[in-house]
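Taken straight from TrEMBL:
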| type | residues | note |
| --- | --- | --- |
| TRANSMEM | B:12-29 | transmembrane segment |
| TRANSMEM | B:49-69 | transmembrane segment |
| TRANSMEM | B:98-116 | transmembrane segment |
| TRANSMEM | B:123-144 | transmembrane segment |
| TRANSMEM | B:201-220 | transmembrane segment |
| TRANSMEM | B:247-267 | transmembrane segment |
| TRANSMEM | B:287-311 | transmembrane segment |
| TRANSMEM | B:353-374 | transmembrane segment |
Amino acid sequence: MSKSNLTRRGLLKTSAVAGAGVALPTIFTASSAAAYTNEPTGSTVTLGFNVPQSGPYADEGADELRAYELAVEHLNGEGDGGMMGTFSSKALQGNGILGKKVEFVTGDTQTKSDAARASAKSMIEKDGAVMITGGSSSGVAVAVQALCQEAGIIFMSGLTHSNDTTGKDKRANGFRHFFNSYMSGAALAPVLEKMYGSDRKAYHLTADYNWGYTTEEAIKSSTEAMGWETVNTVKTPLTQTDFSSYIAPVLQSGADVLVLNHYGGNMVNSLTNAVQFGLRDKEVNGKNFEIVVPLYSRLMAKGAGANVKGIFGSTNWHWSLTDEGSKAFVKSFGTKYGFPPSQAAHTCYVQTMLYADAVQRAGSFAPCAVAEALEGFEFDGLGNGPTLYRAEDHQCFKDVLVVKGKENPTSEFDLLEIVEVTPAEQVTYAPDHPQFAGGALGNCNNGA
Amino acid sequence: MLGLEKKDIRILLIVAVLTLFAPFILNPFPAGSGWAQFNAGYPDLMQRFVIFGIFAIGFNILFGLTGYLSFGHAAFLGIGSYSAVWMFKLLSMNVLPAIALAVITSGLFALLIGYISLRRSGIYFSILTLAFAQMTYALAYSVLTPITGGETGLQLALDDPRVLDGASTGSNIPVPGIFGLEMRSNSQLEMGDWVFNLSTGYYFSGIIMLLAFYLSIRIFRSPFGMMLRAIKSNQQRLNYTGLNARPYTLAAFMISGMYAGLAGGLMAAMDPLAGAERMFWTASGEVVLMTILGGAGTLIGPVLGAGLIKYMENILSKINSDILHTWFAFLPDGLEDFVVSMVYPFIGKGWHLTLGLMFMAVVIFLPGGLVEAGQRISRIFKRKKTDETSKKSTTTEPAE
């Protein structure tokens, strides 16, 4: 009995001590000293690179990470400087950001919103990251963007193509350089009209999740505006690997164009199935049957092999561009890793540079100051021509590439050829465009 | 005290003290030192420890007591999260109604799924629950996108009604709290080189976990718990004595579903987003691992298992090859690369491999899980002390 008395007293004592600790006025604690979340006080600044290292987009994540490491090198004045030399803003000195050496932590998003948020949280709470960037899916981008808004951290999204990231789910602390579904539609439609005519019947196969919906809507409305008819739209489960049962009804529907709103492994499989079914050799309504893939990436083209030949799509950037910025980036990436970068690597590299430059110009790491420096920022020399970071929705407006699977590829990286560079004006939309309606940016949050 | 025996009080006290001092125990290394990456005392991870602790405690009530292996418990976790987020959106940012609704809805779903699944036992039961969980996952991911937010997950928005809170004043989304005390608020206590995080959200979840733990002890010790154990040991014999086991198993299933809903609601309270991945079958499998790793059917085991798995997931997985190279930098170059290439597959991205090996070792050598390991160690010490009066050591019971 005496034993239990002792423990009880011990418990009371210890809990009293701990209670006093919890109730300590915040004056003794560190959080009140900082002006904003994770203010870098030492000689270094930590950035958080949150990329998929496992799961369906692991390849893209690995390429993103390579680009980030390259960007950190360049920011710290190592290597050949890459696009820092061609960037129209000359604020960056090659001595880190605001004189602080850039360090980074990495995390695995697993392409799951939950895992991505946990990983971002540990970067913020444990490693003291002042900016989070990366990701290869819109679901993750939207989830992490919301988290960064709450925590008072800047989020520079990686590859995210859904309209919602800067549409209904936009946040004041989040910024997107990558293009979106609407831009894909607006860029593709004129080329498709030129190639295939304005009297076509389209059949959509759409991946059954958020990005699929916005892409389907964007392509549908742009093609219908030029006279195409949408025969049917069918949703396919994201986990589907065999699309034969979805391809068969396409022929009976009387459609003469198949639009595959698929990405990654989905697209590789559906396109392969469609080609195996001989769709491209068919003639419907007196016209050749055609296939369109709204969002192309080199890694996907590689997966689909010879099946991509002659198929149209859009992309954010391609390493075969010949402007100074792209050439400098391809050169320094190629020197370090031995192969050309993907569009995911490009957008991540550029986002890091844009963030560093904004901090440098603002003279502070405080999210609100950085956001102000980025809003309405016009720049050039980062591979996409003159670009505007629009203040209303934190979306970049720049040229969009319409590409086609190359007929005679010379190497395993040379799979796409650029058909047309759609100028930025043609893909620009009003901030309150119906496809982006709902949601509000809110105010920037400094946290702490 | 509290209607418990002395032995149970001791376990409860141990858990309470561990919970209270977790921010200190989990941060044993000074910030800034090379070992700091092994520190687990940051709010998000500590919250995960206790929340998954609750999840595993609840799962143990079903699996540990009745022996029914549910392979779809993550569904209730997800349902709890969705209900809580909807409560934040519609009613108020106060966490209490959100958690209450999370427990109620998951309880109702558990009643429905349990009613159907419990018609079978053994492997058929497991498959049925798995099927239901995958069904809810698929529904949440695509068909029910208007309710669940689909792939993006259900999020708060500025223009949510939040009836009780009135119109939102600021232009930022409010954060969950309890009567004005924000869940995310955190005060850092600096003692020399050490920095300790005292997070409101963590202590709130910690208190709820202690209540959940206490309730689970009471269930284990009650006649109802005894009945559940009888079902595990021999259901047929129970049937022959004229007892219908179904109501008992259904009640256990519902209780453990409500525990999972509570954990889901708490997850949403700490981080107001609910994603469908939470209900994926791997999440269901994880709780089974936690329970078996810690010790199924024991009181404290599931909590330990949950802590261990979450620690590995968040700390071990962060160690990349660069960090390894700095560890082994003292070795000669060739040897360093060799050692790193040998160790690397087991940490970082490969932490699942380590977990798998550990799980196999535990199942083969310590069928009682970590709790059995603890008992064996304490038995060695006890034997030394009471070698002469060896009567006592024979009565050592598993710490259930």
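Glycine is treated like the rest: Cβ placed from N, Cα and C.
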The transmembrane segment (B:98-116) and the transmembrane segment (B:123-144) contact flag, 3+ Cβ pairs under 8 angstroms: yes
Surrounding residues of the transmembrane segment (B:12-29) on its own chain - C-beta under 8 Å, 6+ positions past either end: 2, 4, 35-36, 38-41, 45-46, 49-50, 194-199, 202, 206, 209-210, 213-214, 217, 300, 303
Same-chain residues near the transmembrane segment (B:123-144), Cβ under 8 Å, at least 6 residues beyond its ends: 68-75, 78-79, 82, 109, 113, 116-117, 150-151, 276, 279-281, 284
Highest-contact recorded stretch vs the transmembrane segment (B:201-220), from B:49-69, B:247-267, B:287-311, CB pairs under 8 Å: B:49-69
Outside the transmembrane segment (B:49-69), six or more residues from its ends: residues with CB under 8 Å to it: 19, 22, 40, 77, 118, 121, 125-126, 202, 205-206, 208-209, 212-213, 216, 219-220, 225, 228-229, 231-232, 248-249, 252-253, 255-260, 262-263, 266-267, 270, 287-288, 290-291, 294, 296-298, 301-303, 305-307, 309-311
